[in-house]
Every structure is written in C-alpha cells, then in structure tokens.
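Here's the structure, in structure tokens; my notes come after.
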Amino acid sequence: MRRGLWDREMVALLLLLAMMPMTLAWLWFGGVEALGRLILTLLVSGLWHMIFMLARAQPPSFAGALTGVAVAMLAPQDLSLLQLLLGISFGSVMGELVFGGWGRNVLNPATVTLAFLGFSFSAAPWPDLVPPVAWAALPALAMGVIFGVMSARLILGALAVLGGALIADASLSTIFPAAGIVLALLVSDPVASASTRLGGWLNGALFGALVVLFATGWQGAAPMHVAVSAALLASLAAPLLDETAIALWTARRRKRHG
Amino acid sequence: MFGSRLSAGLNLPQSGLPPAQADPPVCLTDEAALVPEHGEELRVQLLVEENARVAQGQPLMRLRRAPGIALVAPMAGRVARIDLAPGRRLKQLVLFHDPEGDRHRFDIPHSQGSSDALRALLQESGLWRAFRSRPFGRMPRPEENPSAIFVMAVDSRPGAARPDLAVIGREDDLERGLAALTRFVDAPVYFVEARALHYHGAIPTGVTRLQSSPRHPQGLAGFQIHRQCPARIGAPVWDIAVEDVADLGRVLASGYLHPTRVVALSGTALREPRLVRCQPGADLRGLTQPYVRPGPHDVLAGSFLDGRPAHWLGPRDRQVAVLDRAPSPRARHWFRAALERAAHKAPIIPTAALEQSLGGSALPAAALVRALAAGDAETFTRLGGLSLVEEDLALADYATGARPRLANQLRALLDRIAQEEDAA
C-alpha cells in the first residue's frame, strides 16, 4: 500500500549528490571552459534520453546527468565538437539506452564513451585533473556508501589492492588520483558493478589489480587512460564475478542442506 | 554495512508495538465470516444452510477434494449468508453472533500417540488451515508430510503483537501442542522466538529452539526456513503461529476450540495501537470502529507492508492496519500518464536498501529480483526462492517502491512452478 523511497530516480539523484564534491571542485578549477563542456555533455545525453522517450516510451532518468558529468570530467582534451558528440552518443545509446534504460544496462555508459574516445582518437591527450578534485573523490565515495548507493566492499577491495601496491612500489603514486576519480565516477556505479557481497570485493580488487598492471606494464599511457581501461575491463568482468559468488554460495548451501 | 548476518534488516517507521497489555480485552464482533485466503480456491460441500444455528467450532463445510478437512464456525451464532462462486467455490459464509450459543466438542483420539488420529483431529477441527506449506504457501494437502515444522513465536512486522503475549497463561496448552507436533511427524520441529524475549514456559524435548533478530524481516518464517531448512518440491516445510499450537493443545486436552485469538490493531488512523482478543474471521470494521479517528481511512488485514484491504480477518491474520486514506492523486499531465502506461516499469537498482530488506546476506538479493522480473524459474529455485511467500518480499516492495510489486511477481512465478509440477 505505502511506498518507500529507494526507487530508481532516488538512487540516481543520490549518486548525483555524491558526485557533487568532485564536480564542484572540478568546475571551480576548470572555469568557464569546464562549464561549457559540462553543459554540452548534459545536453547531448539529455537529448538522447528524450529521443528514446519519444521513440520507445522509455522514461528519461537522472542517470543521464551522471553520464554527462563523468564524460565532461574525464574525456580527452582537444577533441572537436563532432568527436565529442560522436563519443557521447555512442556511449549513451549503445551502452545504456538500447538495453532499456538505466538499470538494465551492462556497462556504465560513461565508461563506454570514454573507452570509445580513447580507442578512436588516441592522439588526443587525456586530462590531468588537479589534486583537489582527486581529494574530493574521498567524500564522494563516503557519501555514496552512507547513502547505500555504492558498495562499500567494492571500494574497500579496490583501495586495499591499490594501497598494497603503493607500499610495494612507491612510484605508483602518480596513478592514484586518476584511479580514485574513476573509482568514484565509473567503477562504483551500482548497476554496472557486481551486486553480490563477494562479487563486490572481487570487483574492486580486480579494478585495483588492473590499474596496477597497466601502470607498470603499459609504457607511455596517461594515468587517466590506464584507469578508464581498467574500469572497462572490471565492469565487463562484473557479471562473471557475480556468477562465481552465487555458484560458491549455492555450493555451500547444498553442502549444508543437501 | 558490517551488520552481522542475523541482525540485517531495516528499522521501519511506525514500528511502535502496541503497549504490552498484560491481558487484552475480549472483543467479539457481531458478525464474523469464513473466507478463503487471498488467492486460495476452496471448493466446498456445505453442511449447514442459511439461518441455521451453529455452535462455536461446529464444522460448517468440508472440502470437496478432501472431505476430511472441515471449516468450522469461529463463534456460536446464526448463519446469515452464504456466498458461493460458480463451481461451489467459497466466497464467504457470514455468521451473526449469538452470545448464548453452544460450543462444539470434538472427539479426542484415545491413543494420543497415533499420527493418523492427530491428523484426523487437525483436519476435523479446522486447525489444519493454520499450517502453511512451502513451497507455494498454501494449506497443506491432506496426506502431506512436512520435512520440518516451524512454530513462530516471533513476528517482526511493524505493529505486530508479540506472539508470546498470546500464550501467557496457556503454557500447558502450548507444551501439549508442541509435544503433539513432535509425535505427529518424524521431522524436526523448530520453535522460533525473539532473541530479546526469551520464552520461559516449558518446551518439550525434541523441539529445537531458534533465536531470531527482532529486526524486520528476520522474524518472518520465510527467512528462518531459508536459513535452517529450505523448502523444496517434494520436501515441504510448514509454519504455524505459536497461538495455533496452543489451540491444538487446548483441543487435545478438552475437546473444545479456543474461541479467540490476539490481534494487534495499529496504523496512522487509530487513536492508539491496541491489542484485542477476537474471534477468527472477525468483522474488521466492527473491530476497529471504537478506536478509529474520524476521517477517511482504509482497513487492511495484515501489516501496512503486506496487508490488503479486507472486510474480514483472514484465517492466518493476527494484525490489522488502519491507515489514513491517501489523498487521491492530483490530475497528472496527459503525457506523463501516457508514458507510464506505455513504458516498461523502471528496474530496481541494487542498493544497500534492497539487500537489507531481503535479510542482508540471506540470499543474493539483486540476482533474485532479476530472476523474478525475468520469470526465470530455474535461477529462482536455485537461489532458494521456493522458501519464500509474498509476505517475505513485502519489505523489499516497500523499500524500493517496485512496480509491479515483487510480491505479485513472486506469486505469479510460484503459481507457474506449481502448475508445471502438477502437470508433471
């Protein structure tokens, strides 16, 4: 009879709220140019949501704004307008909207956009966000966990692996800011990450491990490129990790209950 | 986030229990009815006619498929009206109360150890309907044998009465009833109580005590069964309220059915939460009328999470929620209304709220919700969904505002699995 609050749009709004520390810090340091970029990505993302609403009766979602924010902050610099349009259109449509909207997608549309841009226009330089933005990722993650819209296990798993690697090899500290920002903006998306408890730990650990692997083995890659690529692969592996966790869980139950 | 596996759950608004009244007043309504459970189909053979005088506990009808199972009069009175749907399916049988009426006495089996005699008594006295068999959450079939019986002395639903209040002063009856259950079938009998409210009466040997966290949904039979002894096709698990077990003990001792049950009245439209003793099948308007604040309101049988609008107290209901009627929604924009009708409903995002409302680590919540939405019976069974019934998902429905409701999706899937099993 009565309804609680935790429907899809509330989760999207809380995620947006959790992103605010990072977004505001980024806008503060990026100035008018950053604002223009943000408005452009929000407009394009919103436009595609409108098109799918009119063509497929798919209700638009605030999650489109999440995509816009993440793409505006992380996309390679010096892209022409057309390139940026192409990238975000591809990511929104093929990463999210054709599956039926946010909640039914497999990958985070922003991850798809950024990977697409990175592979297609590999000459464009990746952004190097200022340290305050990277620090702002910490309150963002904390807010996400407190609201219950991000998985604490995933974040702790990623931080544990990254921290361990940092202790082993101090030269990895250059990768940390980018990894933290990508963790908050892309990896901890509740839809595109693992949903089981064990899966969450594994998903976070996998992201951390991939970042470390790429940072040590991938010569000449920008930190942001490394983090985005790790996010894409970790996100792709999430359903597999969930399946593994569920298989282990059912095996344990079968042993216990026959 | 570090909630231990037994304390997972949600703190709910409105979970203030009715103040523990040591002795709730008896409050029999003028009318009462025999009704089927929601979605239950009872094809019956009537034993009485309209206007007949009946005694409390007297069998009024028998099931056509299983003539051993009787439905008995909840109170002494006169049969006011009998409504049957085509195919002699029971809709309702309404009784008028007669304070001077008789009580029906059942023949108590001489050899109390015999399982068949006890089964016959349970079916004849109508107590058979107090059992719920999972998978599928229906009344057990007449010759069904459970692989475990859960006696629920805990109810974590918001506003529910403490079930142990209902058996205060009836410790002997409860002990006798529990002992009868252990002799009834060669299966474990679990006695589930709240951890904080330890039951101090005697529990016969052979009954396993379990402690449950008071946070919803841990005090529901579904999650206890899921943990201890999952229900499977071919291995059904029964659950029964502790008060009904005490009623069984009463019948075994005296031959008379206990005339009342403890019912909690709660909700926003009540002046204060109340506990009352009323007959099964009581008239809910009559029951709540003295305590309701003026103004439009809805009366639900069950808690505000899983209740449904009803006129009569259902066979297994021990709680009534009276809620202020929500103001009718304002006229919405035509485009929004059209979009809502045409669109697929928004999916549920896996969050901490969803996980906690399905008992934390009890089961992979997101995977179960996905299997329900996809109608994937195989995955659903693998994840332990056969131990669940609608009330177990009511909290997740409330928390996530899911449309269509998860409980309805669960019922549709369970019905489909049952149909396939019957065909096989």
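Including glycine, each Cβ sits where the backbone N, Cα and C put it.
Annotated features in TrEMBL:
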type	residues	note
TRANSMEM	A:12-29	transmembrane segment
TRANSMEM	A:62-86	transmembrane segment
TRANSMEM	A:106-126	transmembrane segment
TRANSMEM	A:133-156	transmembrane segment
TRANSMEM	A:162-186	transmembrane segment
TRANSMEM	A:198-218	transmembrane segment
TRANSMEM	A:224-249	transmembrane segment
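Between the transmembrane segment (A:198-218) and the transmembrane segment (A:62-86), fewer than three CB pairs separated by 6 or more residues in sequence fall under 8 Å, so the two stretches do not touch. In terms of C-beta pairs under 8 Å, the stretch of A:12-29, A:106-126, A:162-186, A:224-249 lying closest in packing to the transmembrane segment (A:133-156) is A:12-29. In this chain, the transmembrane segment (A:106-126) lies apart from the transmembrane segment (A:12-29): fewer than three C-beta pairs between them fall below 8 angstroms, excluding pairs fewer than 6 positions apart. Counting residues 6+ beyond its ends, the transmembrane segment (A:224-249) has Cβ neighbours under 8 Å at 74, 106-108, 111-112, 114-115, 118, 126-129, 175, 178-179, 181-183, 186-187, 189, 192-199, 202-203, 206-207, 210-211, 213-215, 218 in the same chain.
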